[in-house]
Amino acid sequence: MNYDVILIRYGELALKGKNRDQFEEALVKSVRNVLRSFFKVKVRRNYGRMYVELHGEDAYAVMERLKRVFGISSFSPTIQVDPDIETIKEKALELVRQMDPQPRTFRVVSRRADKRYPIQSMEVNRMVATHILRALPAISVDLHEPDMIVNVEIRTEGTYISCETIQGLGGLPVGVSGKVLLLLSGGIDSPVAGWMMLKRGVTLEAIHFHSYPFTSERALQKVRDLAHKLTKWGGTVRLHVVPFTEIQTAIREKCPEDYLITIMRRFMMRISERVAENTNAKALATGESLGQVASQTLESMDTINKVISIPILRPLVAMDKVDIVDISRQIDTYELSILPYEDCCTVFTPKNPVTRPKPRLAVKFEEALDVEALVEDAVARTEIEEITTKPKETTTDLF
Ligand code: ATP
Ligand code: MG
């Protein structure tokens with residue numbers, strides 16, 4: 001049997017009024033974005049439900065793409081039928097019959113959103129279940145833990161039957177939470193941090209500090225490729241590429257070795273804050289995790305935070321590395337992240353970085369530098385690239 005629509009359910013959160021509208025609009029947009037270039041389908045919404053009308057497209061191919069849309073709690077391949085009870089019984093049976101493997105137990109759950117419908121939902125449940133039991137002697141009813149639930153929704157806009165429910169990604173639709181600027185390195189953590197922020201509904205831009213020729217063109221390309229991976233969930237990601245060589249060189253010449261990383265991070269934050277202001281991002285995000293490396297202690301975070309006032313979000317702060325790696329595999333960034341192209345931090349890693357830096361000392365050491373001029377110059381020379389969802393070849397082939 002061919003399915004007619006995919007029924008999409010989304011968090012029945014405490015969303016009311018304007019918020020709900022905004023949430024639904026953003027979700028419709030995300031769903032359209034992932035399907036548009038591949039299928040001729042129609043997306044519409046109606047009172048807390050969303051439908052993808054398939055018009056002959058393959059339900060499973062469409063659902064594969066819905067699995068990457070944040071804000072969807074679950075979805076079901078569904079047939080749309082005439083509302084008369086005989087048709088509902090017949091079609092429900094047909095649907096159960098084609099399930100592979102065949103369920104051993106089932107229950108019918110019907111919802112009568114259209115209160116004008118003459119039969120009450122309990123009665124619909126009973127009639128449909130009886131019809132299925134008569135036709136399929138091997139199957140029985142289990143109200144508590146059925147192998148399969150046959151869903152019948154009787155709504156004003158149509159009557160829908162489905163018996164398969166697939167988990168969505170959860171989270172919030174991209175775009176409802178405002179914009180965040182992600183500090184994206186070539187490592188494992190920051191792409192995961194970006195993905196987690198996308199999950200909470202932000203629009204993502206990324207900033208990368210590049211130290212050519214200490215770091216190679218390939219290292220920058222790797223960052224583009226990582227940003228490209230994130231477009232799978234977030235749509236276009238604008239990447240701000242900051243030339244960082246002059247600043248790193250100045251720090252290395254003028255500041256004590258054990259404070260190199262701390263001071264370098266403070267510059268990254270200052271520059272990121274300026275770029276965030278220019279692009280209207282409300283917060284920065286990093287891939288830091290407490291205690292993971294020397295520069296990720298509370299003292300270090302404090303010393304780094306001190307130079308800016310924009311919030312820094314650290315979605316991985318309480319996560320173990322193994323769990324971060326797990327996510328990076330799931331989102332397919334791991335293999336890229338472990339490619340051995342040096343990033344600017346590995347090139348400048350001092351032997352004994354301070355683990356508990358003092359803000360007072362960082363300020364003192366920075367007196368040897370013209371901080372404002374260095375920051376302004378780097379911001380002025382920052383280049384913006386649009387990383388789009390287009391297949392990667394189109395970006396990579398340019399280099
Ligand atoms: P990652 O795996 O994300 O590189 P990490 O474990 O290597 O993180 P650090 O090198 O200490 O940790 O970096 C901490 C965070 O600082 C990164 O997660 C990232 O958000 C940011 N960061 C580091 N280097 C850069 C860079 N060159 N450009 C942009 N952001 C950076
Ligand atoms: Mg790193």
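Every residue gets a Cβ built from N, Cα and C, even glycine.
Record features (TrEMBL):
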{"type": "BINDING", "residues": "Leu183, Leu184, His208, Phe209, Arg265, Gly287, Gln296", "note": "ATP binding site"}
{"type": "DOMAIN", "residues": "60-165", "note": "domain 'THUMP'"}
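Ranking the binding-site residues Leu183, Leu184, Arg265, Gln296 by how many Cβ atoms sit within 10 Å of each one's Cβ puts Leu184 at the top. Around the Cβ of Gly287 (ATP binding site), a 10 Å sphere holds 24 further Cβ atoms from the protein chains shown. Secondary structure counts, DSSP: the domain 'THUMP' (60-165) has 35 helix, 33 strand, 38 coil. In this record, ATP is bound by Leu183, Leu184, His208, Phe209, Arg265, Gly287, Gln296; the longest C-alpha to C-alpha distance in that set is 19 Å. Using a 10 Å Cβ-Cβ cutoff, Phe209 (ATP binding site) registers 27 neighbours. Taken together, the residues of the domain 'THUMP' (60-165) have an average pLDDT of 95.
Reduced to three states, the DSSP call for His208 (ATP binding site) is strand. With a cut-off of 8 Å between CB atoms and residues at least 6 apart in sequence, the same chain places Leu183, Leu184, Ser185, Leu220, Val223, Leu239, His240, Val241, Val242 near His208 (ATP binding site), listed in sequence order.
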